[in-house]
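According to TrEMBL, the protein has these features:
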DOMAIN    2-75  domain 'Cation-transporting P-type ATPase N-terminal'
TRANSMEM  55-73  transmembrane segment
TRANSMEM  79-98  transmembrane segment
TRANSMEM  243-262  transmembrane segment
TRANSMEM  268-292  transmembrane segment
TRANSMEM  649-670  transmembrane segment
TRANSMEM  726-745  transmembrane segment
TRANSMEM  788-808  transmembrane segment
TRANSMEM  823-843  transmembrane segment
Amino acid sequence: MNWHLLSVKAVLENLKSSEKGLNEQESAKRLLKYGTNDLIATHKNNALKIFFKQFINVMMLVLLFGVAISFILKEYTNAIVILIIVVLNAITGFVQEYRAEKAMEKLKKLANPTSLVFRNGLTHKVNSSKLVPGDLVLLEAGTKIPADMRLIESHSLSIDEASLTGESFPSEKINTALKGNNFSLLDYNNMAFGGTLVSYGRGKGVVTATGMATELGKIAGMLQEKEPLTPLQLKMIDFSQKLTFIIVFICLILFITGFLQGKTAMEMLLLSLSVAVAAIPEALPSVITISLSLGAKNLVKDNALIRRLFAVETLGSVSYICTDKTGTLTQNKMKVAEIWVPEEGKHQHSFLKAMYLNHDVEEKENDLFGDPTEVALLLYVREHDNFDPEWSKKHKRTDEIPFNSERKLMTTIHHDDQLHLVVTKGSVASVTAICPDIIGNKELELQIKKMTEKGLRVIAYAFNKLSKLPNEISPATIEKGMQFLGLAGLIDPIRKEAKQAIEECKTAGIVTVMLTGDHPATAAYIAGELGILDQKKELFVSGNELEAMPQKELENKIEKIRVYASVSPGQKLRIVKALQKKGHFIAMSGDGVNDAPSVKMSNIGIAMGITGTDVTKEAAQMILLDDNFTTIVKAIKQGRRIYDNIRKFIFYILSGNATELLCILIAPLIGLPLPLIPIQILWINLVSDGLPALALTAEPAEKNLMKRPPRNPKEGVFSGNLGKNIFMLGGFLAIIIVGSQYFLIREEVKHWQTIIFTLLCFGQLWNVMGIRSEHESLFKIGIFTNKYLLGAVVFTIILQLAIIYIPFLNNIFHISPLSIKELLFTFTISSLGFWFLEALKLIKKLKKNPLGSNKKKLF
């Protein structure tokens, strides 16, 4: 139904309502028919579902299979240890996701819970969720519109619709029917939409749609899509599947070989269990989850709440930030940027006095309440040197003609000695039309042009002095023959820190694009001030131009466009999709319901925590708690650091697993027994690998972090020779370990296994120091720059010495004490992996910068 085209009478008739509202019986009947006035939450997970979701993982299933084998072999200690690993991995993932869900529930509770509704001609406070079509709702300043409604009364009513349309200035409302067709949401001046806010005046509306049938609900319906997996999740799933295939293949070969050699099934099961335990990086899922959790925790300190844990690493791939203007790049607080008074400011004193007298702002406990534009005008006057607080006492208001959206004027009448002072403010066209002295003034026309080019909202003032007031105070009798006073240009000022953040983005190879519902002139000016738009090189497109632009033309121009003004929700979606088609990774920020679909479609959806709507927060992966653009840049920086560290501990953990696996495979091939038993492998994988790997998550960011281009999201975790280096280091250490076993085999089994076990443990601790940087030597970055890692290494050495020398632990791990000489031998030989890594980095640097080509230090 086109409610905006119907008269008030026709609207009430169609909704079978009246000016007294519905009765209780009818409202109850309609509640059953239309349902509650609520938005359906997308993909809500309960605690149990979140917990069991953690087990849907190939590596988890292989570990559970390992538990089953351990029980078959009566290796109960192994079974319990592996089971504990599985449960801990699940708990770690569950805790973070559950916290995020709870954070969202708290944010939802901030919604306006009640509405003032007419029932049987009387006003009742009704829970907003119980509203139905046909209900009459009273609206006043500060009211959050609870549902879509057709306005039947409007008394200077202005509604802030930025959350829905993106327009930063309040929409002035009327109650008469509209004429014409092809209306956008910005044009519905006789409608009020759910989720928007009354900023000024009062009115009454009849509810036309509730819940998912509202404009806000329609956008929420566009969000019913499953959350896509992040690149890291896809890579880890792919890695898990490939690793599982390799483990099964190796076990199959070993079974066939063992069968041909006449070995028993129990022996082969033990070997298979050793291979599985050695190959599976048990600590990796936990370390990745904890790393992302710590990253999310650090981001909260920077005012960013992560709703989807894996979104933390995704931030490192962002190549485009598509951001709204109001409140994110600007302060979301109107301010007078400049004033202009004719004849070189001759009547500036009178102009300031007029600005101070003509307003409806209320002051309570040193705070100002009212229309944001009027508050800004009043603050400007109060801060001026010529301000006199006695003006309101000297010129007491005696009458007024309220603002009207048709006249676009507000007039106040004040006592002025024996005269009556009339002050009028409003739109430039409306004010100049009642000022015969200024019509055709070229200087004024030039000034208006200058102000609008700067994106300012221009308010004009005029005055008159009357010796006697007419019998009837009306626009026709008062608003005529006025003298023009001047212009005030207002703007939502930019955040200074946002400008610096945009510069940092440019250095980091990230493009900032502004999408706004604002007027094109305002958008272009603000973008220029922030350094987003260089009109000599880059393009600026309005919503109308975008609508007329063929898809192919948009795809050709998309990488040159920096500003989109007056764009609709559908157009924002189109922009995101076009950039993604070009291979870009998009972070899209928004606060309004109109932003929700594009926030959902982007690779990283970002919602505003203060001004953002519930729908947008539900669609987002990250919420800015301070609504500040700089927080996005801080989050990207953290994302890059976290991904770097993930690569480091993947290298660390998998090189250790490669060493163990190669040792287990090579030893039997050359006639040696298994160098380690499953429980020893588990200790290395969980303690020797796990603790230092966790400490690697605290590794500081490398110096060039925000001076390099964004990471290609299609790039594998093992890119940049990481996979090759894992097998090179693993192979190098396996040769040393098996070689040591060959020379130690004459010793008693427990003893030589203790030496091999300790060699592997200490080797990992040496390796972690070399893995701290992919490119720089440990001696350049500094041994003490990650105190957490140093602490983890020392603590792991103490634990290793404890199981070597405490008899009770000796028995559990099937080992025996070592002499000081043997201990020094293991500590020295195990360091070879570290020197191998340092040599690789040196060779890489020499290839890049041959000696003599420059004077840069290698260490």
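Yeah, the Cβs are placed from backbone N, Cα and C, and that goes for glycine too.
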**Message:** What residues elsewhere in the chain lie close to the transmembrane segment (788-808), defined as a C-beta under 8 angstroms and at least 6 residues from its ends?
**Reply:** 683, 687-688, 691-692, 694-696, 698-699, 754, 758, 761-762, 765, 768-769, 772, 815, 817-818
**Asked** Could you count the residues of the domain 'Cation-transporting P-type ATPase N-terminal' (2-75) that DSSP puts in helix, in strand and in coil?
**Response** 43 helix, 1 strand, 30 coil
**Prompt:** Any idea what the model's mean pLDDT is for the domain 'Cation-transporting P-type ATPase N-terminal' (2-75)?
**Reply:** 81
**Request:** Could you tell me what the rest of the chain brings near the transmembrane segment (726-745), counting residues at least six beyond its ends with Cβ under 8 Å?
**Result:** 651, 654-659, 661-663, 666-667, 670, 672, 675, 718, 751-752, 755-756, 759-760, 763, 767, 829, 832-833, 836-837, 840
